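Worksheet for the structure shown next.
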Amino acid sequence: MNLLIFGAPGSGKGTQARLLVESMRGVISVISLGDLLRAEVASDTEVGKEIEMVMQAGKLVSDPLVCEVILRQLRKVKTTGFLLDGFPRNMPQAKFLTAALELLGKEISAVLKLDVDANVLVDRLLGRMVCVECGVVSNAMFSQAEACGKCGSTSYSRRTDDSGSVIRQRFSIYEEFAVELEQYYGEKVLVIDGNRPVDEVHADIKHRVNCLNN
């Protein structure tokens with residue numbers, strides 16, 4: 001089973017991707033474009049520095065670069081299936097993915113679209129914190145815990161692309177391509193109400209995914 005998950009910034013894609021993969025351990029693995037790009041930035045290479053400048057401006061990294069990164073990861077997948085988080089983000093990337101998967105003898109089984117109200121998205125982004133040690137994202141809206149639930153660290157930071165002006169830029173980019181992507185994948189798109197608490201959204205996603213196997 002090969003899945004995509006997409007939604008506006010702050011919709012909870014990363015959190016829901018992590019929960020689904022944990023509940024289906026050994027069956028699917030997550031490929032997060034954001035994590036891959038941030039890892040490149042952390043490596044402090046020339047490419048990483050270029051990516052950092054683009055991400056801080058709230059813009060998208062060039063198609064050739066992200067497609068290369070994704071293809072490299074797709075070839076490394078050892079589980080039965082995968083869950084792609086943050087890719088594709090436009091039509092050229094979607095068409096590249098279709099062609100790349102055909103070469104690998106795979107196809108997309110379903111697309112999980114997290115639908116969240118705009119005011120909720122802004123509140124989530126402004127309250128979002130990232131664990132310095134392991135990168136897990138938490139939010140002051142939902143958790144009062146002082147320590148990271150995954151590694152126990154108490155060190156958090158804000159993402160540089162979670163400022164007000166950058167958030168508006170990221171929303172604009174998402175809205176520009178979201179309709180086209182939804183039309184491209186058609187009946188494979190499963191719309192999930194992402195306004196609910198994290199555990200309720202996860203339960204809904206898990207139910208929808210289980211139904212795909214029946």
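Including glycine, each Cβ sits where the backbone N, Cα and C put it.
Model, not experiment: these values are computed from the prediction.
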* In TrEMBL, which of 2-31, 32-61, 62-91 is tagged region 'NMP'? -> 32-61
* Gln93 (AMP binding site) versus Thr15 (ATP binding site) - Cα distance in angstrom -> 23
* Structure fact -> Students should find that the Cβ of Gly12 (ATP binding site) has, within 10 Å, a number of other Cβ atoms equal to 26
* Asked: Of Arg38, Leu60, Gly86, Pro88, which binding-site residues are close to Gly14 (ATP binding site), meaning a Cα within 10 Å of its Cα?
  -> Gly86
* Mean of pLDDT values spanning the region 'NMP' (32-61) -> 85
